[in-house]
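*Asks:* This is the feature table in TrEMBL:
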- K45: active site, proton acceptor (ACT_SITE)
- Y260: active site, proton acceptor (ACT_SITE)
- R143, M308: substrate binding site (BINDING)
- 239-364: domain 'Alanine racemase C-terminal' (DOMAIN)
- K45: N6-(pyridoxal phosphate)lysine (MOD_RES)
Amino acid sequence: MQTVFQDAASARAGAWLGVSLRAIAENYDLVAALGAGAECAAVVKADAYGLGADRVASVLAARGVGTFFVAHLDEGIALRATLPEVRIFVLHGFMPGCEGSMQAHGLIPVLNDLEQIQSWQRFCRERGCAFPAALQFDTGMSRFGLSNQDLQERSVFEGLNLQLVMSHLACADTPDNPANAMQRKHFVEMAACFPGVPRSLAASSGIFLGPDYHFELIRPGAALYGIAPFEGSRALKPVVSLDARIVQIRTVQAGDRVGYGLGWTATKPTRIATLGLGYADGFFRAQAGQGAVWYGQTRLPVIGRVSMDSISVDLTDAPAGLKAGDVLSVLGPAQDVDALARSAGTIGYEVLTALGSRFHRDYVSDD
Ligand SMILES: *Cc1c(COP(=O)(O)O)cnc(C)c1O
C-alpha cells in the first residue's frame, strides 16, 4: 500500500489516528433531528472522549451548538478559553471552596447534593448575584444527585437561578429494561417540584428510547463520536480510524515462541509483524488472543501478549509482499470502535477514552 504523507511528522509516525470532524457534525445533526423539539447539547468531557475537546467543541459551536457538558471544573475552564460564548455545565459541580473559579469562568455547576447547594447559595448571597446553576436528581442509579428526601425541605432551593434539572439513566442501552420507565417516572415527579425549569434525562442511548425521554434538552456524547447507542444498532457514522505501520517482519519456525511470557507458540513456519502500538496507546492487554488488526478485508490475529509499545500479528493470511513500513488497520471499515471494544471485553467508550497521546492525529473536516 502506497502512503502519501502530509508532512514530516506524519511520515515519522508509527500510527495515525484519523478523526472526522465532519462525521461528528453529521452525527450531531442526526441525533438533534431525533430529538427535534428539545435543545441538543454536546458532551465533551474527557477531552471529547479522547478525540480532542478543543477541536470537537469548536466545530460543533461553529454549527450553532450552544450548550456543552464537561465532568470537571478544570475541563470547563479549558473549554471556556476556547469558547467564550457558549453555556458550559460542569457535571460534578465543584470541590468545597472552588465556587469562585466556577463563577469566574462563567461555568454552570450541576449541584448534586445539599452541601453543594448551600455553598452555592452562600456564594451567591455574598456576591449579591444569583449565578446560574443546575440540579441533578438521583432517580435510581445512586451515583450523583439529590434524593427524594433532599427535596422535602423546599426553602433550601429558594432563590437559586436554575437553568436545568437533570438525571441520568442507568440502563438506556437496553431499551426493554423496565428500569428506564421507572427512572423516567421518578424524574417527572422530582422535576415537578421546579415548574418551568428545563429538564434533561437522555444521554445518547436515552435519546434512542424515543420522544418520551427527550424533555427540553438532550445530552449526547458517545453517539457524536460514532459509538452505537445499543448493541447491534448501526445508525451512526464512524468517526475514528487508526492505522499502524509495520515496524518489523520476521518468520518464526514451529516451536518458536512470541512475546512476554513466551505466551504464543508457532505450530508451523509463520510470518509475523510487529506493530508500534501497545497498551500505553490504549490497545488493551485483554486483546491478547482475542484481538485482530486488518489488511483490507483480511483479519490478522494478534498473537502473544500486548506489550507497552507493540503488538505482534500473524501475517499468514496477508499478501506475501507486505514489508516494514506498510500499514495495517486497527480501527476502520473492517473493525469499528464497538467491534474492537468487544474483542477486549469492554465498550467503545473505554476504547476511545483510552486512546493514547502518541498517535499522529489527523483531523479531517471534509471527507
Ligand atoms: C457522560 C454523560 C453523558 C453523555 O453520555 P453518552 O452515553 O456518552 O451520550 C450525559 N450525561 C451525563 C450525566 C454523563 O455523565
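Note: Cβ is positioned from N, Cα and C throughout, glycine not excepted.
Predicted automatically and left uncurated, TrEMBL annotations should be read as such.
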*Asks:* Out of R143, Y260, M308, the recorded positions in the record, which is closest to K45 (active site, proton acceptor) when you go by Cα distance?
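*Replies:* The smallest Cα gap between K45 (active site, proton acceptor) and any of the recorded positions is with R143.
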*Asks:* Between the Cα atoms of R143 (substrate binding site) and Y260 (active site, proton acceptor), what distance do you get, rounded to the nearest Å?
*Replies:* 39
*Asks:* Using all protein chains in view, find how many other C-beta atoms are within 10 Å of the C-beta of K45 (active site, proton acceptor).
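*Replies:* The Cβ of K45 (active site, proton acceptor) has 20 Cβ neighbours within 10 Å.
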*Asks:* Measure from the CA atom of Y260 (active site, proton acceptor) to the CA atom of M308 (substrate binding site) and give the result in Å, rounded to a whole number.
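*Replies:* Cα-Cα, rounded: 11 Å.
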*Asks:* If you skip the near sequence neighbours and keep only those at least six away, which residues in the chain come within under 8 angstroms of Y260 (active site, proton acceptor), Cβ to Cβ?
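*Replies:* Set apart from Y260 (active site, proton acceptor) by at least 6 residues yet with Cβ under 8 Å, we have G304, R305, S307.
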*Asks:* DSSP says what for the domain 'Alanine racemase C-terminal' (239-364): how many helix, strand, coil residues?
*Replies:* 23 helix, 49 strand, 54 coil
